[in-house]
Each structure stands twice: as structure tokens, then as C-alpha cells.
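Below: the structure, in C-alpha cells.
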């Protein structure tokens, strides 16, 4: 039997980030379907709505079944034009906003572009400051700024510190530094001295030896650095260190950067400085 | 009249990113309410569900009105425990998944952690590669790699190139380089020579003179670099350059990094390599 094919549209007045996030999480619950996904951000005029309604109808005819449409459209006229197309619409605002107006006993603003628009300059500056901080304090290059860190991630080379720091900065406005644990400190089973004053800010990353080996192979194939034996030794050492010094840590094998970041936020009790707050 | 205060919970089996996105986009439609937002990721056991149901009840009593709950919980037992608490629930999966099962004529997987979990190793490597590429090619430091760029952002100092590149890499897996336009090239009204072979990959950023002045003031207060006159001159020059060379460009004043990135994706026709695809 051939796989089901479905065309999916994400329609939004602005970025489409909300429509995509919500649609994506629903689609991942259905296996074995080939999705043809089409992002339509900035669908903000009646003319564009006519155009996209026509394209949706054409897709329905071509596919032999109606497209799925995830919509965060707010404008009533645009919504009603799309609603006349041959599609199954999941309308995120339409579904919930009426009930919320009732619950909160006030009308909604009905304004577009609020979820991912610029809220205010101070939030923008916080975010830029966190990104700059994180870039300047990547890979232990300038430990003199660790006073200003919200958190300092530690782990051996290629344990995922940099992407996690960047995600924390970009998504949550957190000033995240990182410091690589190196072989030199192994024998003594201790932290580099310069981290001593910041022990309460440390959060460790670890991962499976197979994963670390794979990642290091990409970088320096068949080196001692990438060998299973070397990876195993460094991982054993860092986990002993985390346990001995009571540094909270997380095994990042098979989890995404989003999950790692959320777990770290959750376990460290850090306050996010942006988004949803 | 004092402002309405409401406690809001984001409940999720995993990261909570979907629940927050949904809730945040709805809450931004209601002005003048003080939200007390509580993120509850990894609500994945019956014991935790009992605990959080009790906390929700306590909040209802304390506030004198029931909390708003945005839920992407999937487990039926956990959902029904929360449903018994004194709150108004917006149940994302419960609302849409039944209709989708009918539309797609197949049952949903009912599996947690799919939306922001690690889909596969190749997607992880793509993302890490894009982040590494972007970090290595920040601020024009190594133009020799521009062959590998999906896109090259240009603009004067502090026009927002770096945060936008990082967002494109992290969120969409796009290898985004950037190159600063400097005073040296002003008189000739031309691009730096090394960008010539990559003209088709260029995308320009610009912003208002007030915003640029404000951002540069943060960095080097009261310098010539930050002066309104200097900012104005550089901005005039770069806009002339964009127009003369037909480089697509975007005015980033008052729009967020998410919006800038989506507009760039949309206008350049770049394919995202991650997320939702």
C-alpha cells in the first residue's frame, strides 16, 4: 500500500512561528504520512487571501484530498476567505479565543503580530546582551567575566556546550558561559582553579561514549581525540567529577537542544528573561 | 480599578515549548491583566499530576478565581487528574487530535515528546554544522568559506547581523555568514571585492538612525562611532548600495529577531533544513 500524501499549509498574519509549532506538534502524532508542508507567513491582505484560497483549492484537486490548514490568522475577513477553500482548517485563535474572552470577561485585542513581535526595547537589549555575553564567553576564553554569568556549562570537548548556551541566550535571554573540561585536570580529579568561585553556577553535560565518538569523528576522523578509548576515559572522569563535587548534570544522548535547555532551566531554577514572561 | 490578576500554568509531558507557544500567543491578545505564569515541563507521572492538581487548587483559592491552564499533556490518566482541578483548561491535543484522526483516517500515536525531541542524528548534525558554520563565519572573519554559506547577511556595525545569523542556524539549520560593511568602502559606493562572487547570496539589514544610535551608545557611549551624524551617514550609504546593486534588504527597526528571520527566509526562498520539515 502506498503511503498517504497530504498537503499542509501554515497560514499566519505574521511570522507563522506559532502556527508551525502547533501544527508540527500535532502532525508528529501521525506516522507514515508524507507531508508536503507549505509555510505562508505575512498573509495580511485580502488579495493574498484570495490567491492562497485558490492555491489550496488547486492542491485539493491535484492531491485528490483536501489539504490540512493550520491557521493563526486573526483578521476576520481573511479568515473567512480561507474558510471557503476546500480544506480542513485547524484555527488556533478561533478555537480558543471566544472561550478565553468569556473566562477573562473582556474582549481580546484582535491584533496581529503580538506573539513574536518586538515587545519593547529593553527586552531586545536583554536578548542582544545575552547573545553577546554568550559569544564572548564561549569555550572558557574569558573567565574573568564569569561573575556576570547566569549559568556556566561544563563538559569535555564536543559535549554540546556551545549550542546549548546559544539556545539559552537566544530563546530565554540567559547569559550562559561555558568552560571545557580538559585532560590536564583528569588525574587530580578536580576542577580548574578558576572555576572555584563559581561552583554554584556550574551545570554539567555528559553523553554516551558512542555519541561522543561519532561527533568527534566528524571533526577529526580516526584521531586519538575521537577514539572510543579516549572518549570513554574522559566521560568516566567527568561523571566522577560531577558526582564528587555535587555538580548537577544531564545526559544529553538522544535529546534535543530544546529539551536540554528546558531541563537545565527547570533543574537550576533559573529565571528566563524573555519570551512568555 | 485594580488590574485583574490571573495565574497561568503551562503543563506538558516534555519541554513545554508547544504549550507555552500556544498560551503565549493567546494571552498576548488580552491587555491589562497581570499574568503569573508557571511553567511545568516534564509532568510525566501520576504522582506529579496529583501534586500539581493540588497546587492549582491552592492557587484558585488564593487568587479568588480559577487559574488558566494550557496543556499539551498526552497521557490520559495525567490529563484526567488535572481536569479534576479547579481551573479553566485549554487542552491542545484533546481539542484537535480527535478531528485529525478522523480527517486522516488513522489513530494518532499518542506518544509524548515528539514535537521537540530529537528526530534523528542527521538532523542533529545538520543543526550543529550550521551553528558551527555561523560561529566560524561571524563578522567576516573567514570569507574563504563563503562558498558554503546558504546566505550572507551584510550591514553596518550593530545592524543585527550576528543574532539573526544565529537564529537562522539554530532554528532552521541554515548556514548563515555575515560581513560588516565599513566606512572604507563608502566613498567608492561599492562592495568589498571579496563579496563579488557571492552577490546572489547577499541579504542586507538596515534600521532607523535612532535605533542604531541607541545600540551603539550602549557599546561606546558618546563616541564618534555612536553619533547620530555618523550613524546617518553609514545608513544612507548602505541603503544606496543595496539599491544600486539590487541587494534585497530589510528594515529591522521595531521587529523581532524571529520576524527578521522569517522575512529573510520568505523573501530569499531559502529552504530550511530543520524543524517542521
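Quick reminder: no glycine exception, Cβ is built from N, Cα and C everywhere.
Automatic prediction, not curation, is the source of TrEMBL annotations.
Feature annotations, courtesy of TrEMBL:
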BINDING   A:155, A:156, A:157, A:158, A:159, A:160, A:161, A:162  ADP binding site
Does DSSP give residue A:160 (ADP binding site) helix, strand or coil?
coil
With 8 Å as the upper Cβ-Cβ limit, not reached, which of the binding-site residues A:155, A:158, A:162 neighbour chain B?
A:162
Far apart in sequence but close in space: which same-chain residues, 6 or more away, have a Cβ under 8 Å from residue A:160 (ADP binding site)?
A:205, A:207, A:252, A:257, A:260
Compute the centroid of the Cβ atoms of A:155, A:156, A:157, A:158, A:159, A:160, A:161, A:162, then list the same-chain residues not in that set whose Cβ lies within 8 Å of it, in sequence order, for the ADP site.
A:178, A:180, A:205
Including all protein chains displayed, how many Cβ atoms other than that of residue A:156 (ADP binding site) lie within 10 Å of its Cβ?
24
Most isolated by CB count within 10 A, of the binding-site residues A:157, A:159, A:162, is A:157
Which of these binding-site residues has the least crowded Cβ, counting other Cβ atoms within 10 Å: A:158, A:161?
A:158
